[in-house]
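**Student:** One structure, as structure tokens, below. Some questions next.
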Amino acid sequence: MILKKEDAKMWYLVMLAHLASSTTMPTTTSASTAAFPARASFRDASSDIGPINTSLTSTPVPMHVKPEGVRLLKTLKPLHYQVRLQPFINGNFSIHGHVKVDFLVLTATHYVVLHMADIVSLNHTTKVVEKESKQEQRILQQKYSSSRMFYFILLQEALTEDTTYTLSLDFVGTLGEQPRGFYRSSYLKENGERSWVASTQFQSTDARRAFPCFDEPALKATFKIFLARERHMKSLSNMPLISTTPIEGQEGWVWDEFQKSVPMSTYLVAFAVYDFPVRIVNDGTNGTMLRVVTRKAMQGRTTHAGEIALRVLHYYESYFQISFPLPKIDFITVPENSFSAMENWGLITYRESGLLYDPESSSARQKQWTSYLVAHELAHQWFGNLVTLSWWTDLWLNEGFATYMAEYAIDYLEPSRKELEQFVVKRLQSVMTLDALRSSHPVSVAVNDPIQINEIFDVISYNKGASIIRMMSHFLTEIAFRSGLQTYLTQLSFKNADQDDLWQYLTVAAHGEGTLPQHLSVKTIMDTWTLQTGFPVVTVTRVGNTSAVITQEYFVLDVNTLVAREAQTKAHKWWIPVSYTTGENPNFSDTSVKFWLSDDGIEPVSFIGYPQPHHWLIFNIKQTGYYRVNYDEANWDLLTQQLQENHRVIHVTNRAQIIDDAFNLARAGRLSYRIALEVISYLGQEEEYVPWKAAFTNFQYLFDMFSRDPSFGGVRDYLLSVILPLYEKLGFHEAAEEALPTVLLRTNVVTWVCYLGHPHCRLESLSLFRRWKTDPVNFKGISSNIASAVFCTAIREGGEEEWNFAWRYTRANSGVSIPELKDALACTSEIWLLSRYLEGAFTTGSGMRRQDAGRTFTNVAVDGIGTLIAWDFLRANWNRITDYIGTTFFTLPKMVQEVSRSFNTPQLLAELEEFQRVNEGRLLMAERAVAQALESTRINLAWMQKNKAFIVDWLTQKGFSSRLSDI
């Protein structure tokens, strides 16, 4: 039958009433609830139920005897799910569902306990049946715990060990607005009509919001998905569609039945109901079927993603020696997504900004991002999907490997892009600053509830994870590393694993290849990198002409706690693979381990073979190891001299390492800023992207520390003097077929010079913007690679008219460099415009997507003018912000990190402390980020007290004074 409007309204009210309850689910159902619309359509007609067991035990089992905490007890193991869902995406957004789960009893129990959230179970439909005999088990009580998201079923008789049972029940839910579970989002068609999309985001613990399930990664099962949809819509799931049949009594509705899945975790289940066209990239006659699904207006921008996906897919099949295990893979862009992309097996969801690339209007950085993101999600199809973490403690195995393998694959397929060369500045160095805080965390970290799990989706899991994997591939050698991975994936296919399983397979491979001493295991080495916070600094100090003393120490930025540092140093030791080369015979191609520094605490280590005093030494070739290196002053002077005389003698990656190590050692009080500033004196000769990127990252810290200080003018003028020679060489206009590193270098240089207020850059940007504003469709004079700098400068220099024009243009469906223009809206110097922009970012109906709210905030927060405006907004609206964006993974921590990165005054520290106190218990995934912001602010305060005077005096001596008397 057709669902009547009054029935739908009634069901929605019932559902909301149940969801409002924070304690239990009802154990009885009213007469009106019993009239579940079209309930028979959810029931599997072939499942005949045997006689109901009406026998009673003499002593009923009390309801309080149930598992504690938020982890399920290991009493039941799911085997197979049948899930039927009817989402009313074009109606009242309710969901009618039916789930049937076959499960094996591992230990006799009176309880069936599943995860469930934002769902109302129709308790009169709940049945537990012994699968073979068809005998129904008597249910005494059903109960729900909202705090633990558990659905309890108490049975009269204990379930028998080693026996399979079937649980079935009907339920109702809703397609929510926040991108979690089974949710809704919308877009405007070219004719202005609003169209709705229903899609899923289950990682990490949100499958339970779509259907009751055993929602832990180790509880793999097979899935049979049925989706109801209107005929003018389409649907997708992990597996191929095998049939479409009309729903009896519901005109215009059909059931889509999908093929039974391979065994997989609940967080990888996915489905979508949409009205997009489908583009077939590969029809499956030669390899895996690959399709891209996106709104009609964007179909032309999916070519690059499809092409790179096919190449990466074939590469991974060759690298892992395992064919892609599913018959098809679909990419779909959804209007709202909590991640840039999600690796659901066979159905990867993307934001449009993650998948779409237009050669005419998109930047090289966007192409790089799309390539990386596609490769990252495809890597998960093996590392994470085929072999899955046992628990979220080892999230880093998923994300670290996908991050590293994506960079590795793209570097192999597109060597001119030099992705692995960029790795040190994009991944390794970028995470070290955060990891040098005491409030950082190990990559393998115990997590016990959904908020803690979501909190570790951070740069430690992704970038540090990738960096130590890269280190491991070098000290094991690529042959042993690849061999171990292949065996690991083959032996544990469709199973779960933890890091110790991987260590075992890699050890066997490395011992077999002779690349690891027999007395050493990968576990011995890698446990020191995965189970401890932070990383070491290796200090090399010459003693005599040809020998040195080498020590390792826990590296932290906190310069005011030397006693605590010494205490922690004794507890923090690593197995460190040491590689090196000398000025006497430079060799940067050999990254093999020359010797190991062990974690046994025996120090110092004598190093024989140090070059003669007039030759330099460099440890950590190509910065393959995840550690910093400090030297005696004489060696730093020799390195500085070499860079000035002929910097190309030193490998480009090690030039970046030297810059980054020097500035961070100085920042931590381990090296004089004189040395760090002299190291970069050669940059006028440097033309490579990677060393410059390392320099820009460290310039940013100086900029942040002085941005609200009276001495800022001298810092600004100094930075301009360093960058201007390269700006004058590169200019605004790129040559045809420039390599990616050159394009990225120009983007960074123009951005910095414009932001520092150089007259030529400002005037050129304003001129280009005005010409574009006159004819935005046809004017092609702004390269997409410098559009961000041009638009930002123009908006900063302009007023309300320019801002409003840019705002209106960003809302169009097509045009030039819309992402860059959208980001540039945060560059305005008008305080009221920034306030209005922030207000709109967290307001429904403002024209801004919910998924973009966090990025909008951080864009405002990192600008000098916007920092304090954003901080005031965050403090005043924390509850509103968290209600609006929910528990979206990176957003809240990123907002806190970015707004506070320049905090360096007692007042701002006090405000941050008050923010933590006022919002205790409500910080959600930002709890650790706030602790890190507090630590960073205290470090910044100490840094200003120790280093400001020296840097101001040094700049004055170089002719960059900010004193009024010197004007």
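Every residue gets a Cβ built from N, Cα and C, even glycine.
In case it helps, TrEMBL gives these features for our protein:
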type	residues	note
ACT_SITE	GLU377	active site, proton acceptor
BINDING	HIS376, HIS380, GLU399	Zn(2+) binding site
DOMAIN	77-268	domain 'Aminopeptidase N-like N-terminal'
DOMAIN	307-529	domain 'Peptidase M1 membrane alanine aminopeptidase'
DOMAIN	616-938	domain 'ERAP1-like C-terminal'
SITE	TYR462	site 'Transition state stabilizer'
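So where do these features actually land, and what's packed around them?
**Tutor:** Long-range Cβ proximity for GLU377 (active site, proton acceptor), meaning a same-chain Cβ under 8 A and a gap of 6 or more residues, is found for ALA341, MET342, GLU343, ILE348, TYR350, ALA402.
Proximity of TYR462 (site 'Transition state stabilizer') to non-local residues of its own chain (separation of 6 or more, Cβ distance below 8 Å) is seen for TRP396, GLU399, GLY400, THR403, ARG427, given in sequence order.
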**Student:** Could you list the residues of the same chain, at least six apart in sequence, whose Cβ is under 8 A from the Cβ of HIS380 (Zn(2+) binding site)?
**Tutor:** GLU343, ASN398, ALA402
**Student:** Using Cβ-Cβ distances, find the residues under 8 Å from HIS376 (Zn(2+) binding site) that belong to the same chain and are at least 6 apart in sequence, listing them in sequence order.
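**Tutor:** Counting only residues 6 or more apart in sequence, the Cβ neighbours of HIS376 (Zn(2+) binding site) under 8 Å are ALA341, GLU343, ALA402, THR403, MET405, ALA406.
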**Student:** Taking 10 A as the limit, how many CB atoms besides its own sit near the CB of GLU399 (Zn(2+) binding site)?
**Tutor:** 28
